[in-house]
Amino acid sequence: MRIMVAMSGGVDSSVVAARLVAEGHEVVGATLQLYDSRESARKGACCAGRDIHDARRVADRLGIPHYVIDAETRFRQSVIETFADAYAGGETPVPCVACNQGVKFTDLLGIARDLGAEAMATGHYVRRIEGPDGAELHRPVDEGRDQSWFLFATTRQQLEFLRFPLGDMPDKAAVRAEAERFGLSVAAKPDSQDLCFVPDGSYARVVEALRPEMAGEGEIVDGSGRVVGRHDGVTRFTVGQSRRLGDAAMRDGARQMVVGIDPASRRVVIGPRTGSAVRDLSLRDMNWLIDPPEGDLRCLVQIRAREAARPATVRRTADGASVTLDEAAMPAPGQACVLYDGSRVLGGGFIRRREMAGAAA
């Protein structure tokens with residue numbers, strides 16, 4: 001089988017390529033260039049200049065062709081600009097979902113088809129299982145590296161074409177050991193950290209550089225609109241956060257947290273967790289990996305990347321879905337809400353922003 005491997009230059013995708021070559025497949029490697037080469041050597045980024053070099057070294061070692069795809073403009077428009085716009089709208093976005101669904105699983109997958117590939121493989125930690133109604137997306141064996149939450153927007157058609165060979169690996173140590181057995185130069189290469197386009201972990205700095213109107217101090221207010229403090233920029237906050245509140249962090253003997261953000265007025269609304277948590281969510285941009293349910297769907301939902309899934313009832317609506325959690329939580333607008341049945345991903349969408357009392361100036 002002719003298979004394209006999306007090679008990031010890291011150990012995971014390199015092992016995928018090596019394993020497929022060893023299995024006798026006709027393998028083609030491809031790496032996305034997401035940044036200008038003069039800016040792409042920053043530590044902790046993926047798809048940067050050093051990573052392209054590492055991917056090419058691995059491809060040479062394996063004796064496979066390797067292509068570098070210039071995706072800088074597309075990445076900036078569909079991922080970075082969208083990320084900044086979401087923050088400007090008071091949301092906490094998940095740019096990795098946009099990157100996977102757009103640049104990788106639409107653009108790169110299309111190139112794979114153009115090159116005559118019958119499948120595209122990646123180093124993601126998820127499992128693709130053939131079910132009675134086609135390919136299913138599942139959590140990996142190594143749940144500590146589970147990336148299924150970030151891949152919920154993968155369509156059923158894309159899933160038929162994709163392969164995830166690392167989904168059954170027990171842990172990262174086993175992947176590195178396999179890389180050493182194949183003699184790959186990246187066997188000990190560190191994992192990429194944080195968002196690839198945020199070199200120092202400061203989301204606020206990136207957003208404020210792209211949207212200067214977002215910079216500047218503002219008010220911290222309670223649910224009634226009363227000013228209880230000041231902050232150094234709304235881009236530094238997300239719903240559910242309790243850090244950076246200063247003297248407003250404790251009120252009336254209760255620990256406070258962010259319950260709403262209004263970028264237009266630069267107001268951060270705070271309140272105690274008790275009384276601020278919600279059970280009802282509204283989702284937009286739904287992607288279903290099953291036939292959409294006609295009635296109530298009982299399932300587990302995960303509302304943050306590193307939170308445990310929780311029981312809920314989901315209902316399809318004309319413009320997305322509604323979710324009723326069994327127990328109240330603090331969902332952040334713009335984050336993904338992914339639906340699970342055990343290990344299987346059923347679909348998901350993005351949490352809509354709610355109007356908050358106290359936000360208006």
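Placed from the backbone N, Cα and C atoms, the Cβ positions cover glycine too.
What you see is a predicted model, and the numbers here were worked out from it, not measured in a lab.
The ATP binding site feature in Swiss-Prot is assigned to ALA6, MET7, SER8, GLY9, GLY10, VAL11, ASP12, SER13, LEU32, GLY123; the stated evidence is sequence analysis. Summarising the annotation, Swiss-Prot assigns active site, nucleophile to CYS99. Feature annotation from Swiss-Prot assigns disulfide bond to CYS99-CYS196. The feature site 'Interaction with tRNA' is assigned by Swiss-Prot to HIS124, GLN335, with sequence analysis given as support. Taken from Swiss-Prot, the feature active site, cysteine persulfide intermediate applies to CYS196, supported by sequence analysis.
Of all the recorded positions in the record (CYS99, HIS124, CYS196, GLN335), the one with the smallest CA separation from ASP12 (ATP binding site) is HIS124. Under DSSP, ALA6 (ATP binding site) is assigned to a strand (E or B) in the three-state scheme. Note: the CA-CA distance between ALA6 (ATP binding site) and HIS124 (site 'Interaction with tRNA') rounds to 10 Å. Spacing of HIS124 (site 'Interaction with tRNA') relative to SER8 (ATP binding site) is 11 Å (Cα to Cα, whole number). Taking the C-alpha positions, the distance from SER8 (ATP binding site) to CYS196 (disulfide bond) comes to 11 Å. DSSP assigns the residue listed as 'active site, nucleophile' to a helical segment in the three-state reduction. Calculated from their C-alpha atoms, the gap between LEU32 (ATP binding site) and the residue listed as 'active site, nucleophile' amounts to 11 Å. The DSSP secondary structure for HIS124 (site 'Interaction with tRNA') is coil.
Counting only the Cα atoms, the space from CYS99 (active site, nucleophile) to GLN335 (site 'Interaction with tRNA') is about 15 angstrom.
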